[in-house]
Amino acid sequence: MQLLLKSIFTCALIVIFVYATAQSLIELHRNESRQELYGISRNLSQEGQSSFLSRRLRQISLGEDADEGIEDPDGSLAKKAESDLSPDKEELRECKPGLVLPLWLPQRNISVGDRLLRGFAYFLLLIYLFVGVSIIADRFMAAIEAITSIERTVTVRGPHNEKQVMHVRIWNETVANLTLMALGSSAPEILLSVIEIYAKDFESGDLGPGTIVGSAAYNLFMIIAVCMIWIPAGEVRRIRHLRVFFVTAAFSIFAYVWLWLILSVFTPGIILVWEAIVTLLFFPLTVLWAYIAERRLLVYKYMDKNYRVNKRGTVVAGEHDQVEMGAEKGTKQSLAITQRDNDAEAFDEARKEYISLLSELRQKYPEADLEQLEMMAQEQVLARSNKSRAFYRIQATRKMVGSGNLMRKIQERAHSDLTEVKAQLHPADDDDSDDPTRIYFEPGHYTVMENCGEFEVRVVRRGDLSTYATVEYETQDGTASAGNDFVGKKGSLSFPPGVDEQRFRIEVIDDDVFEEDECFYIRLFNPSENVKLSVPMMATVMILDDDHAGIFAFTDSAFEVSESVGRYELKVMRYSGARGTVVVPYWTEGDTAIEGKDFEEIHGELVFENNESEQVIELFILEESSYEKDVSFKVFIGTPELAPDSTHYPQIRAVEKKNANELTELDRILLLSKPRTGELSTATIRIRESQEFKATVDKLVAKANVSAVLGTSSWKEQFKDALTVIPADESEFDRDDDTLEEVPSCFNYISHFFCLFWKVIFAFVPPTDICGGYVTFVVSIVVIGVITAIIGDAASYFGCTLNIKDSVTAILFVALGTSIPDTFASMIAAKHDEGADNCIGNVTGSNAVNVFLGIGLAWTIAAVYHSSHGMTFNVEPGTIGFAVALFCGEALIAVLLIMVRRCHKGIGAELGGPKVSKYISAAILVFLWVFYVVICILEAYDIIRV
């Protein structure tokens, strides 16, 4: 699809060039005819035939038939006609030297073929310059994104009055979009207007204003038309900042009405200083009014107010209408709610989305561990979060010039975010090579069967291993005594240099007498010099009697698990004996937790084989995507029973059938050896989110700033990106993780090498991490100014070489060349954004900013200059005035069409909707643009007069 669209744009450029060539041939033929007539007129004048000359030349100049007579007694008409046909007139004008680009000499006596060759060369140069200015403009946009994404940390109270640390952007979103973002996307047009004024010695020109007006028409009609049909089938996109859209749309139309007034009504053909200054002041007024509407200040404060978060911990001051966001009509927040409360709620929504993603990924990848799932969730949060205008502009340009998309950087950012968060939560132990030598038991507790014979004890050394160390050990009696239950032992352990552990063995004495579980101790003492004993310096050894079937119980009465744990193993221990095979029943019962919602109901039996002392019950905790959760259920174990194949099973069954007065002492001892449950036969499982998981979610959500993906941190990274060919993933952000890595296509390589010069040159621009992006901002705008000056010269040469007027060159070539990156950016935004603001709202905002800032600044400079020299700044209304008036009328139709689509029940949105309606709407907008271009060209060449 993208290849098809690129082909369409290529064909459009070819058609435009063919038109320019045809126009050039027509103009050249007209000039040659006029030269011939001029020669005839000169000869006739010398022969004294002025009467015939006046009559015939007047007829030719008026396009009248030859047999219609015209009287010219004094020959004045002949002289005027001869003057009009002079080859020194504008039709045969020579190209004037530009500001930066050298003039292609010679300029006189140029053949038609030479003109066409030069025109084609200038045409290719313009395309290459447009590519270059698009690439550096994206560096400029990255700097703007780094500046506007600066955040401050605030602490708010959560729903349960707990403290929450949040990140709030300093820049208001609307102000950022209408100032720096609009400047970034429209910098070439604005700078072209200013540079043209300087290049023409502060006189007016047609190229700068024509580009601004032509770009406005293309943006409003063509970009919105393409976005309408680009929405996937069955989907719609609505404007969310509707009040801001009304303000920017009104000002974008008023901007051109104001231009028409000062050009043709107030002081026709003259721009006064106050008119130029007022035009420039409308720019901050537009920003202020949009900010008031977005923040609901003044009259807007009486309307419903809501706050918005950009799907992460960063709260962006913004607004959503309830109907626009699909909320129920009756749900309106009270104006008494403080902004901090709204910020906390917004932060909770961002966390819920993160946890919901985590739940989806767990179901999709059940075998993945939590850390992998967290990284994938963070990647998707970054990919799905609302993108700025700068993001889509940079994404579009990267795909066009063979630099791939930004998905790779998003993946790298997600991995680095998770690594950084984990490092903060689990700070690595400091290098202990300089610490004193430490010696201790590892582990510090041993559980052995009475019939095990011997078991091994491990002592480790940590810290400085370069020296020789010794330590002594000895056993100590507990409930178990040396000589009866174990063999006492005392000795010394030596650690040569480089050795970090030593082991020794302890013997356990077995007997056939039933007894309770017993324990004894092993302690370390008397370490060598510069050696420190650390905990545990005393090990506990538990001896389990193997003459009893055992007592069965949980290790504790209550356990706390994380909701995200998925599967949890609950241990059941066998104490005071491990003889025989025992079957222990178990089951679960709900408490505040609900079966099937919070956990899976289970019941079954555990089988303890002979001498087996531990088994686990597998519990399955269900993920509910709840951040604040505190519910519980219980697990029970029933009366254990000896398995029929156990050694003592027949004897015990026989004793159980006897009467109590018939039992002997041996019978009572045998009954005591039956398996039974201990005190902890019931365990309460409390389901909560772990503090580590909470902290991880909070930190990752707070760090989910996609703006950081656009910037660069070093020149090395920039040169690496400049020299690397990266495939453009057609699936954008919906790519499946299982998809094989794509290989760059032939088109990627062609685009890369075609743009390699610009990439390498612009890699020298300082990275955005330096001074928060301000250095990149300044350097980028200077470079854009230089390239724009070259574009102005090249466009002027192109027009004069092919005899195309500057106003036509501006509307057709320059406006289209500077707007193509915005077209692709709007298409990507239309497909992946939830709303239509990045497609429609930014178009109207940019159109207003272009006039007020681009034309206002340039004309203010020129008007002040002329006023200081006692002159007036003259601007011929001509084509610009006509184009402005025509655009105003068509813009009203376009805005009306957009609002009708929004209010229509069958559509209900500005973009997308039913196939027939969106294609009809797009066709209307395309017709408006074609009609605008055709009429402006006809007026420029005086084919139609107004």
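One-based numbering along the chain as shown.
Here the Cβ of each residue, glycine as well, is placed from N, Cα and C on the backbone.
A quick note: this is a predicted structure, and the numbers were derived from the prediction, not measured.
Here TrEMBL flags 66-89 as region 'Disordered'. Summarising the annotation, TrEMBL assigns compositional bias 'Basic and acidic residues' to 77-89. The transmembrane segment annotation in TrEMBL covers 119-137, 175-199, 211-232, 244-263, 269-293, 777-798, 810-829, 849-868, 880-899, 919-941. According to TrEMBL, the feature domain 'Calx-beta' maps to 426-525, 539-638.
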I need to check the long-range neighbours of the transmembrane segment (810-829): which residues 6 or more away from its ends have a CB within less than 8 Å of a CB in the stretch?
5, 9, 12-13, 16, 19-20, 126-127, 130, 133-134, 137-138, 185, 188-189, 192, 206-211, 213-215, 217-219, 222-223, 226-227, 230, 387, 389, 392-393, 395-397, 399-400, 732, 791, 795, 798, 838-839, 843, 883, 933, 936-937
Where else in the chain does the transmembrane segment (244-263) make close Cβ contacts, counting only residues six or more beyond its ends and a cut-off under 8 Å?
174, 178, 213, 216, 220, 269, 271, 275, 279, 282, 286, 289-290, 293-294, 837, 840-841, 844-845, 847-848, 851-852, 855, 875, 877, 880-881, 884-885, 887-888, 891-892, 895
Work out, from DSSP, the number of helix, strand and coil residues along the domain 'Calx-beta' (539-638).
3 helix, 57 strand, 40 coil
With a cut-off of 8 Å between Cβ atoms, can you find at least three pairs linking the transmembrane segment (119-137) to the transmembrane segment (777-798)? Only pairs 6 or more residues apart in sequence count.
yes
Is the number of Cβ-Cβ pairs under 8 Å between the transmembrane segment (919-941) and the transmembrane segment (175-199) three or more, considering only pairs separated by 6 or more positions?
no
Count, for each of 175-199, 211-232, 269-293, 777-798, the Cβ pairs lying under 8 Å from the transmembrane segment (880-899), and report the range with the highest count.
211-232
Distal contacts, the transmembrane segment (849-868) - CB-CB under 8 A, six or more residues away:
178-179, 182-183, 186, 189-190, 193-194, 196-198, 202-204, 208-209, 212, 215-216, 252, 255-256, 258-259, 271-273, 275-277, 279-283, 286, 875
Determine the mean pLDDT over the domain 'Calx-beta' (426-525), rounding to the nearest whole number.
82
Intrachain residues whose Cβ lies under 8 Å of the transmembrane segment (777-798), provided they are six or more past its termini:
20, 95-96, 98-101, 103-104, 118-119, 122-123, 125-126, 129-130, 132-133, 136-137, 139-140, 143-144, 147, 187-188, 191-192, 195-196, 199, 207-208, 762, 765-766, 804, 806, 809-810, 813-814, 817
Give me the DSSP three-state residue breakdown of the domain 'Calx-beta' (426-525), ordered helix, strand, coil.
3 helix, 51 strand, 46 coil
